[in-house]
Amino acid sequence: MSYRRDHRASKAALIDNFDNIEEGGLRASSSYSHGISDHENEGAMDSLQDRVSFLKRLTGDIHEEVENHNRMLDRMGNEMDASRGIMSGTMDRFKMVFEKKSNRKICQLAAYFVVGFFVLYYTFRVLLYFLYG
């Protein structure tokens with residue numbers, strides 16, 4: 001993580017000098033190229049090499065991040081497929097239960113009990129709220 005923080009500062013330095021590149025600051029005219037000393041040329045080459053290596057590391061980080069996201073999306077897709085299979089199996093079982101009339105009546109009775117339980121629960125809860133509230 002500190003590796004990325006160190007290079008974020010370098011990114012600002014890289015972008016600050018981008019205007020010079022657009023304006024032709026790194027382009028050498030024929031009269032200017034004769035006046036450049038080897039020392040200045042080496043300095044410019046080192047600066048350019050640093051920028052290229054920074055961009056290479058940055059693209060490597062982007063590639064790594066994309067690969068991590070792709071793996072995460074693949075895992076999530078596999079989990080969604082598994083849950084879809086479970087849900088379809090459950091729905092098939094419900095269909096089998098509701099095909100017979102006697103099973104349908106038993107399910108309706110169970111649903112009435114569940115609904116009745118919730119109605120009684122909330123009724124008592126509201127009464128207790130008003131009594132002790």
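Glycine too: its Cβ is placed from the backbone N, Cα and C atoms.
Quantities reported herein were computed from a predicted structural model and do not represent experimental measurements.
Taken straight from TrEMBL:
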type: DOMAIN; residues: 35-97; note: domain 'T-SNARE coiled-coil homology'
type: TRANSMEM; residues: 109-132; note: transmembrane segment
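Residues of the same chain that lie 6 or more positions beyond the ends of the transmembrane segment (109-132) place no CB under 8 Å from a CB of it.
On the 0 to 100 pLDDT scale, the domain 'T-SNARE coiled-coil homology' (35-97) averages 90 in this prediction.
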